Amino acid sequence: MSLLHKQALKQRVGGLPPMPPPGVGGAKKMPGLGRQRDYTPVYWDKYFEHMHDVKVGENIFRVYECGTEGPVLLFLHGGGFSALSWAALSSAVSHLVKCRCAAIDLRGHGDSVSTDETNLSAEVMSSDVGGVVRELFGEEPPPIVLVGHSMGGAIAVHTAVGGMIPSLAGLIVIDVVEGTALEALTSMQSFLRGRPKVFKSMEHAIEWCVRSGQVRNLDSAKVSMVGQMKRVDTNETASSELDHQHHADPNEAPATHTPSVPETLHKTTHVDAIMEEEEPEEEEEENEIQSSKPAYHDVLDGHAAVHHSPSANQTVAEGQRSQQSDNKNKGHSAAEFKVPEPQPHQYTWRIDLSQTEPFWRGWFEGLSSKFLSCEVPKMLLLAGVDRLDKDLTIGQMQGKFQMQVLPKSGHAVHEDVPEQVAEALATFLTRYKMAQATANFEPMFPGC
């Protein structure tokens, strides 16, 4: 067909429809062409400078620190999380202002060990915090700003009201409000039952953490999820396991075993790097809008309800056993049998949050009035304004505390957007002349 004939035909049919702009409509992407995401766990020393254990009576609390001068930001994590939840934020804020950051594994969490892991009452946990401060800083502690997330925010308020820290200079609570928290308690158990009980590797636990929306920032999830898990077979925490591997060979990528356990001396070199397809922008925006709505099960730990089918490794193992049985019945020689590959170690949650239900109301009842009664400078960081209850709304209008909303984050605000939270904390510290800004930060003072 000649070029003249083609042009005439094109004019006759009215022309072809215009091509859609890049990223809009069009054919679906070919499978396997997405980006590669690495879910390998990250060791704590990428963000913190020191890690040590603090003995308070017969109890031992794991503490991570960074920074050398200025006021102390004492971080208290949410239920089910650990001190590693503060890793990314601690590193970010210590670069903006001159401060020291200290994050504690609370009782029953992370690598802390106590004589009674089941007593998580507000009175006991706030007393623990006061004891750690005395052991760390003696009778004359430096100015301390308490920063708590979710359950840790409630414990921070109880600690402040109870006068556990004589040098308390400020109080910052992240995404916990009395009214919303108490509403959520009725459905909390069903949400906890819905999350996975076991993960076949730490990589899969981190992948679930990000895909479920518990933490939206992959970099933060890779360091913080380690503090939430333990080995099923040995009960060793994943953070302790990673610590052993790191000291054995700091340059070696983390494997899924503990060299110190005799029955697991085999070497595992496989690291899960999962290929996933890039999603259209419209779908990402829709997911972002949906995930910004308040999730009432966020009060304790932000875990989403996800149901998992039996793992592929279990299916393969069952298939191998069935094949071996068939071969034996057919009279095949033992030389034809395949030796099954060793199964990867499985991980489960460090703490069973469902067993902490007797203490839930004690954490949150009266929280708003207690928060408002604290006479030190205060700030409330929220993922959405609809989480504010009546008492806090009135208090905020009266200027009793500073409030900042970060709507593009989930319940784990400090993990999802650590840079933005670091700026909010740095602004708070410089506004009240508690800390000096570094060359990396230009203070800005919001109106609320």
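Note: Cβ is positioned from N, Cα and C throughout, glycine not excepted.
Among the residue ranges 232-265, 266-299, the one that TrEMBL annotates as region 'Disordered' is 232-265. Using a 10 Å radius centred on the Cβ of S150 (active site) and all shown protein chains, the other Cβ atoms total 29.
Summarised by DSSP class, the composition of the domain 'AB hydrolase-1' (73-197) is 58 helix, 24 strand, 43 coil.
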